Amino acid sequence: MSQDSIAAANVAGASSSATGRGLWSSRWMFFLAATGSAVGLGNIWKFPYITGENGGGAFVLVYLACILVIGIPLLMTEVMIGRRGRANPEGAIATLAKRAGASRHWRKLGTMAVLTGFLILSFYSVVAGWALAYAPAAAMGSFAGLDGESSGALFGAMLGDPWKLIGYGTLVLLLTLGIVGLGVREGLERSLRFMMPGLFVLLLVLVGYATTTGHFGEAVHFLFAADFSKLSAQSVLVALGHAFFTLSLASGAMMVYGSYLPAGTSIARTSLMVALADTGVALLAGLAIFPLVFANGLEPGAGPGLIFVTLPIAFGQMPFGQLVGGLFFIMLAIAALTSAISLSEPTIAWLSEKFAIGRLKAVLLSGITLWLLSLGTVLSFNLWSEFTLFGKTFFDSLDYLTTNLMMPLGGLGTVLFTGWALSRTTVQEALGINHPQLFKLWWLVLRWLTPLGILVVFLHTLGLFG
Ligand code: PHE
């Protein structure tokens, strides 16, 4: 079926089963899936280390402001576009633009979102592979007696071994695409039903353990006591970029998940719950990690190595370190897997709907291209580490291109499309914010504050000011 005939079928109000698409079985399933997408390496790996690097509490406050002003309005917008359009991101935007009499070029925003998710998955799968590699290592006691140097060497040895990275990255892709290949109900729902509760239980167990270290208060202070002198302009930008990444925005994920959302669910309320859960997990991850860091006299601002170099030292010298370490990396792997699933779904939906090919064919096609592209990331840690583009390795370039360029640009386009190309009544109806004053405020934020906020980050990333 071509894009236009899908659009026509949707305009005619045909049920989604007429277009061969699935639906979440409930609002609760959508919440689990969207939260699974949002909660990932971004929360457990990235948030604690960027908070550590940017001095703690003040950074957390700025990050929360970004979630509120940019993240939440954009999240609601994306879910709404998906549900109204009932198609992959490109098809959904095309449908809405057509109905509103707006330019058909808006659909390119959807195409770019699909591409962004695809590119992110090519490196996300490699990093998720590290968690898969570290889980058995932790459980089997490989961290016993590690110090800063030997822990760094252990991590370095893994990065230096392309076969190991390819092996674990391939495993992540196989698991992800295997689940996605089974479809929305049989694949996504069935796996999320046990992975998400498992993730939360593990997180709570780990936070519980952290309270026994005697350094919990120190971690609370570090995360919540705001010292603005430690905050730089750069930190504000890091916080903004992270708001996009952690809520899975501008990558097609939330749009495509929204396209499977049953009618009648309040998008505003559900999105708010997803954002709350995501932020809650990031903070809890900090509360699970920093007490261990402080209890073992380690450095909170160690950067990307916080989880893979600093924490193993703590696991190696703590009581029950093998068990806790194993559980920690299993939790990280689950969080990464549920995000990887959502990163692949936009591409699968786009390929199968736009080119009218079966889901399995779409999975195979994207799997092969993803795998080939992931080799670039793998090699950038070893054989190609000297090979740089604008001073960045292949992995760093892809990360920069997607997180710092494509996400802000796509997010900006999406809020402009919703705030300025769609009509106010369409949006109000679709969102389900019934309170007129509340909607008025939301509409104002979406049309002005959100785009201006994104624009400032974006221009700054391009180095246009300061
Ligand atoms: N939100 C995920 C995380 O925090 C990453 C992600 C980005 C997932 C974009 C889907 C889409 O790890």
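Glycine is no exception: its Cβ is also placed from the backbone N, Cα and C atoms.
What TrEMBL records for 28-45 (among others) is transmembrane segment. Non-local neighbours of the transmembrane segment (28-45) in the same chain are 79, 124, 127-128, 131, 188-189, 192-193, 195-196, 199, 242, 245-248, 253-254, 257, 260-262, 265, 270-271, 273-275, 277-278, 281-282, 285, 304, 306-307, 331-332, 335-336, 338-343; each lies 6+ residues outside the stretch with a CB under 8 Å from one of its CB atoms.
According to TrEMBL, the feature transmembrane segment maps to 57-76 (among others). If one looks beyond the transmembrane segment (57-76) by at least 6 residues along the same chain, the residues whose Cβ comes under 8 Å of a Cβ in the stretch are 47, 50-51, 221-228, 230-231, 235-236, 238-240, 242-244, 246-247, 249-250, 254, 267-268, 271-272, 274-275, 279, 283, 411, 414-415, 431, 442, 445-446, 449-450, 453-454.
Per TrEMBL, transmembrane segment is recorded for 109-133 (among others).
What TrEMBL records for 165-184 (among others) is transmembrane segment.
Sequence annotations record features per position, and here TrEMBL assigns transmembrane segment to 196-216 (among others).
Remote same-chain residues near the transmembrane segment (236-260) are listed as 16, 21-24, 30, 33-34, 37-38, 40, 42-43, 46-47, 50, 54, 59, 62-63, 65-67, 70-71, 74-75, 78-83, 85-89, 92, 110, 113-114, 116-117, 120, 184, 267, 274-275, 278, 282, 339, 342-343, 345-347, 349-350, 402-404, 406-411, 414, 453-454, 457, 460-461 (criterion: CB distance under 8 Å, separation of at least six residues from the stretch ends). Here TrEMBL flags 236-260 (among others) as transmembrane segment.
Taken from TrEMBL, the feature transmembrane segment covers 272-294 (among others). Beyond the ends of the transmembrane segment (272-294), by six or more residues, the same chain brings 31, 34-35, 38-39, 42-44, 47-48, 51-52, 60, 64, 67, 71-72, 75, 203-204, 206-207, 209-211, 213, 215-216, 218-220, 222-223, 246-247, 300, 306-307, 310-311, 314-315, 318, 328 to within a C-beta distance below 8 angstroms of the stretch.
Sequence annotations record features per position, and here TrEMBL assigns transmembrane segment to 320-341 (among others).
According to TrEMBL, the transmembrane segment annotation covers 362-385 (among others).
Per TrEMBL, the feature transmembrane segment maps to 405-423 (among others).
Taken from TrEMBL, the feature transmembrane segment applies to 444-465 (among others). Proximity of distant same-chain residues to the transmembrane segment (444-465), defined by a Cβ-Cβ separation under 8 Å and at least 6 residues beyond the stretch ends, is recorded for 66, 69-70, 73-74, 77, 233, 237, 240-241, 404-405, 408-409, 411-412, 415-416, 418-420.
Note: the stretches the transmembrane segment (362-385) and the transmembrane segment (196-216) are not in contact (fewer than 3 CB pairs below 8 A, sequence gap of 6 or more).
Residues 21-24, 121, 125-126, 128-130, 132-133, 158-159, 190-191, 260, 336-337, 340-341, 343-345, 348, 359-360, 363, 366-367, 370-371, 374-375, 377-378, 381-382 of the same chain sit 6 or more residues outside the transmembrane segment (165-184) yet have a Cβ under 8 Å from a Cβ within it.
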